[in-house]
Structures are given as structure tokens and as C-alpha cells.
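See below for the structure under consideration.
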């Protein structure tokens, strides 16, 4: 470019400055991540979260506590515990109890999935895994009922034993049903709540029947 040959820059103009990128001050907490915490702290935090959800189930009220920060650890622990206590209840001495363990898993998880799909088809506003979380955690009263029934059966099987187990299982069945509906009812259209509650009733009724009719080998 011949025209640029006559252009000169005056030596009096200072060329100053710092070629730096301004970095704002930040606290160490902003760099903290759960990936940086010790494994012990992670486990304790998850256990506390599961414990709080158990408390919400035992004292049910209309709340979104189980819908926020959902997890499936609690339902998995309850399902395994219930399956372990129910296995070995067949009258056939040749049965090692394996099928009962599988039956509990199929009934709980498949039943929870069916109820969740039914809820979504009826216009439910909660997510798939939130519904599974609530239904799974609300098995806690029935797991307690199963534990009480096993202790009662240690004293012997008779009319008195059956009446005690009937009362315990009936009370815990009502508790599980009321707890689950307390968390799930608000997520359904007002004119379709009965269509959602009925499958939940059947779901916990089947589990309650398995607990009540359980007889050890």
C-alpha cells in the first residue's frame, strides 16, 4: 500500500498497559465439588438423606420432601430386606426360598412401574423416578410389619398370633397407603385422584397379603 508510507506514529504517544485478564476474587467454596469430598462424607450424606425420607414416611403429611432430591437407595434396601424376610415361607421343604425372593422383587418393582405409568397417563405432574421413589419408600411400614410378624411367629402360630399379625399388618397397610397418597395426591388432576389411589391400594394390599399369609418352614 503506497499511501501508508507517509503515515507515522508520533514518539510522544506512550504505549502502556498490562496484558492481563482480570480475575475476580472467589471463595474456596466455589471450587468445592462433591467429587473432591472424601468417600466417608459422601456415604454419610447419602445415609442422612435416606434417613430423612424414612422419617417423612413414618410421619406422613402433604409435602414435597420425597419428590425433591429423589433416590432409589431406600426402596432398594426395603425391597431386599422384605424379600429376605419373606423367603423360606413355602410349605414345601424342598423349596429353598429362592422363588419368593424373586417374587417380591417382581411385585414391588413391576407394580410400582405400572402405578407410575398409570399416574402419568392420567395426567400426573411428577416424573417417573419421583413416583418410584415415593412408592418404594412407603413400603417401610410394611417392612416393619414383616419384622414384627417374624418375631410373633417365633412364639408360635395360633389364633392369638394370627390376630396380632392381622392387626399389625392392617395398620401398616393403611399407613403405607395414606403415606403414598399424601405425597402423590397433589400431583394428580382433582377429578382423577380416585383412579390413581385404587391401584396404589391394590399394590400395598398384595404385599400385605404376602406378609400376613407368610408361614416359616
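Including glycine, each Cβ sits where the backbone N, Cα and C put it.
TrEMBL annotations: computationally assigned, not manually curated.
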Annotated transmembrane segment segment (source TrEMBL; candidates 42-64, 134-156):
134-156
Local confidence of the prediction over the domain 'Yip1' (57-210), expressed as mean pLDDT:
81
Positions whose Cβ lies under 8 angstroms from the transmembrane segment (134-156), at least six residues beyond its ends:
53-54, 56-58, 66-67, 72, 74-76, 78-79, 81-82, 85-86, 108, 111-112, 115-116, 164-165, 168-169, 171-173, 175-176, 179-180, 183-184, 200, 203-204, 207-208, 211-212, 214-216
